[in-house]
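Listed features, source TrEMBL:
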| type | residues | note |
| --- | --- | --- |
| BINDING | 24, 85, 128, 462 | (6S)-5-formyl-5,6,7,8-tetrahydrofolate binding site |
| DOMAIN | 224-384 | domain 'TrmE-type G' |
| BINDING | 234-239, 253-259, 278-281 | GTP binding site |
| BINDING | 234, 253, 255, 258 | K(+) binding site |
| BINDING | 238, 259 | Mg(2+) binding site |
Ligand code: GDP
Ligand code: ZN
């Protein structure tokens, strides 16, 4: 991003009609806009953080709308700058007029339209939010399930950042110890023994694992699980979808896969969005096939390649057939497969789940809804879901990657610590790299303010 720092304005509420709508302005000093739009005598101000009911005025004095004006004075605002919020009636035309009026009144101070995310970007620049919190703002707005919203709030409130910062602090403490020793080479010899550096490192690695598991669970809530449902016609795929969803109406947000068919449905499992791709749709399309459809089919198969799990449904009463084998032959090699044997009410099988060499087999009846929980558990197991009751962080892929890289460096540090020559400088370097990766999560690139920490907290002369 390379935004300038001129004042910005935008309609903050969703497009369309609503009871109220909000125009938000942020900048270093907004008095010209406030005076003009709110009709205040020159030099007069709105009482900060108080809602004042007044008329929003055009430059000819005519009234655009009546509503509430709130002035948040810097730094006590969302962006950390002066913020003016004008709450008027939520019609698209009236809000556009109000926005245009603000831009006109602010022309002298360089007021311009805000870019997407720019208010939050300023909040980040002004230290109102760190990077992970800023991301959580977007995630909360985008949350598609209650569980996802809850964990976004958790990240937004700074819980995730706090955990990361605590981890960083532990790494810093260990680095301080090591780097102090590096200055006195004769002390290196039994440093690792005396200082319990290995113990500290082990504790750090354990904390990282814990954060990582919470973050991956959160990422699951955010990204969901891509599930391919494959099987011959009439084996009971639609019935299974309904059974998984719990009721027929629980099938939410159908996504149009291609022009003519509906290939993906999203249902929820413990708040995890399951994006279910029905390959039946693909095979039906295979038979006709103009160019557009063929591209659609290719795309869908590409999605199958990226699936997290494949449910291959078979008729337990009929037993496996050649057509079943042909379907299975199209599955990508390294995606876990659950073989779902349906209609056990006809076959006389008992509901069961068993692990076998190539796949897990689950026996159930979709229409009788027996054994469906076994399948649910199996999907959650494959997803790596753990019911911890702990609050989760709605982590992003970026966070997971950073955590994995930090883990890589901590592992390397552990290896250096394990060797007999105790390569302390390499040990220290890996710790530094791990810290850097962790810092990237909250956006704090503070490479060598570490020195400052060392000198302020550690008495070298002793
Ligand atoms: P799809 O074509 O794979 O989506 O299969 P459907 O879900 O439409 O089901 C095909 C037929 O099988 C319907 O008549 C269902 O009522 C029936 N069916 C589905 N599941 C079961 C089951 O577990 N037991 C029995 N007896 N019939 C089932
Ligand atoms: Zn069907």
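Along the chain as shown, residues are numbered 1 onward.
Each residue, glycine too, has its Cβ placed from N, Cα and C.
Curation does not apply to TrEMBL; its annotations are automatic.
Annotated features, which come from TrEMBL, shown on the structure.
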| residue | record | contacts (Cβ under 8 Å, 6+ apart) |
| --- | --- | --- |
| 24 | (6S)-5-formyl-5,6,7,8-tetrahydrofolate binding site | 9, 10, 11, 12, 83, 84, 85, 86, 119 |
| 128 | (6S)-5-formyl-5,6,7,8-tetrahydrofolate binding site | 75, 78, 79, 80 |
| 234 | GTP binding site | 315 |
| 238 | Mg(2+) binding site | none |
Three-class DSSP secondary structure - residue 24 ((6S)-5-formyl-5,6,7,8-tetrahydrofolate binding site):
strand
Ligand 2 is in the model; which of the binding-site residues 24, 128, 234, 237, 238 have a C-beta less than 6 angstroms from one of its atoms?
237, 238
Can you go through the binding-site residues 24, 85, 128 and pick out those with a C-beta less than 6 angstroms from ligand 1?
none
Could you say which of the binding-site residues 85, 237 has its Cβ with the most other Cβ atoms inside 10 Å?
237
